[in-house]
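Undergrad: Below you will find the structure I want to go over with you.
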Amino acid sequence: MSKEKFERKKPHVNVGTIGHVDHGKTTLTAAITTVLAKTFGGNARAFDQIDNAPEEKARGITISTSHVEYDTPSRHYAHVDCPGHADYVKNMITGAAQMDGAILVVAATDGPMPQTREHILLGRQVGVPYIIVFLNKCDMVDDEELLELVEMEVRELLSQYDFPGDDTPVIRGSALKALEGDAEWEAKIIELAEALDSYIPEPERAIDQPFLLPIEDVFSISGRGTVVTGRVERGIVKVGEEVEIVGIKDTTKTTCTGVEMFRKLLDEGRAGENVGVLLRGTKRDEIERGQVLAKPGSIKPHTTFESEVYILSKDEGGRHTPFFKGYRPQFYFRTTDVTGTIELPEGVEMVMPGDNIQMKVTLIAPIAMDQGLRFAIREGGRTVGAGVVAKVIA
């Protein structure tokens, strides 16, 4: 089967469904693809095509995820749906499927349930910037007041986790009825699509963000100086610009005097490219793997942060035993391991393989970091967990 050429005409936005088990996330995913295909063109995906999600590996962790695509007149959406609760936790923490916004599915027949709360909290911790609510199964609730009550509960829950509950779009619909072709409920899916278009801003492209390059290797070239290599994570570096070297040691400034790719000289290096950057007046032993080159002032080194972490189960090749406070693993950021100590939340004595947990981490050396930075937890080179920086402390 030949792959279709990907058309880059429209802005591309990543979204996904979140919410409690059996509230209708997968049915809604199928309904969106079906109704939008019927209305604006594109491919419909049936419920069972989405439900038996293929397994994939992200950072050594097995996650089942379904990816579907759909279009509105103004945008192209890539949408993820996970079959099981554990898959959501892993997906959101590893960032395997980054979301520019999420559709929170809440069954009007049940109202908010434990996983509703947990997914909202995870969204807050891992930096999902926008949430839209789809109140599902509204065809099964005759009482208007009950719908009002459920909507109010969901809004309060969002506000509790620092999302703007009062301003969040809430669409009342029935994914199943829409999927069956009932025009009244199909209209609600179009309303949801319009909310996605208007409420989730177009994401800033990596190339428009401040320059950052994680350093993978450092070479000394006689007569020319020091070259660092790596893949530009975001932004652009131009020859002649000042850059900072951040992390592990004290931050220093230097100037980029050359950029090369595949032994060709360029005048700039752009997001996504593997490049060598020549630095003026910097000695080979002043730089090491694990530091980053960055636009001056755009990122700071930190040692202490709150994180949301998933600990691999034994079956995933993780630990066989729990760990306790005082645990000192390595934290792998971008290109290097740094040892750190952990503090567990109050009342938590131990962490079992397969758990997800909030923990405070203190590293023995500073790393250039912002909220949302992903990391792996390793013991002797073996991955035992995955995490994300939820909040920088110091």
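Each Cβ is built from the backbone N, Cα and C atoms, and glycine gets one as well.
Checked Swiss-Prot, it gives:
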BINDING   19-26, 81-85, 136-139  GTP binding site
BINDING   T26  Mg(2+) binding site
DOMAIN    10-204  domain 'tr-type G'
REGION    19-26  region 'G1'
REGION    60-64  region 'G2'
REGION    81-84  region 'G3'
REGION    136-139  region 'G4'
Undergrad: I need to check the long-range neighbours of the region 'G3' (81-84): which residues 6 or more away from its ends have a CB within less than 8 Å of a CB in the stretch?
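TA: Beyond its ends, the region 'G3' (81-84) has Cβ neighbours at 16-17, 21, 25-26, 29, 50-53, 63-66, 68, 91.
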Undergrad: Within its own chain, what residues at least 6 apart in sequence put their Cβ under 8 Å from the Cβ of G19 (GTP binding site), listed in sequence order?
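TA: Looking at Cβ-Cβ distances below 8 Å from G19 (GTP binding site), excluding near sequence neighbours, one finds K25, L104, V105, V106, Q115, T116, H119.
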Undergrad: Would you find the one among the binding-site residues K25, H85 whose Cβ has the most company, meaning other Cβ atoms within 10 Å?
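TA: Ranked by Cβ atoms within 10 Å, first place goes to K25.
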Undergrad: Sort the residues of the region 'G3' (81-84) into helix, strand and coil with DSSP and give the three counts.
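TA: Helix, strand, coil within the region 'G3' (81-84): 0 helix, 1 strand, 3 coil.
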Undergrad: What does DSSP give as the helix, strand and coil breakdown of the region 'G4' (136-139)?
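TA: Looking at the region 'G4' (136-139) with DSSP, the answer is 2 helix, 1 strand, 1 coil.
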Undergrad: DSSP on G19 (GTP binding site), three-state: which is it?
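TA: Once the DSSP labels are grouped into three classes, G19 (GTP binding site) ends up as strand.
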Undergrad: With the residue listed as 'Mg(2+) binding site' as the reference Cα, tell me which of the binding-site residues C82, H85, C138 is the closest one.
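TA: Out of the listed candidates, the nearest Cα belongs to C82.
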Undergrad: What is the number of other Cβ atoms found within 10 Å of the Cβ of D22 (GTP binding site)?
TA: 12
Undergrad: If you run the three-state DSSP split on H85 (GTP binding site), which class comes out?
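TA: The three-state answer is helix.
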Undergrad: Name the secondary structure element type, per DSSP in three states, that contains K25 (GTP binding site).
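TA: Looking at the DSSP assignment, K25 (GTP binding site) belongs to a helix.
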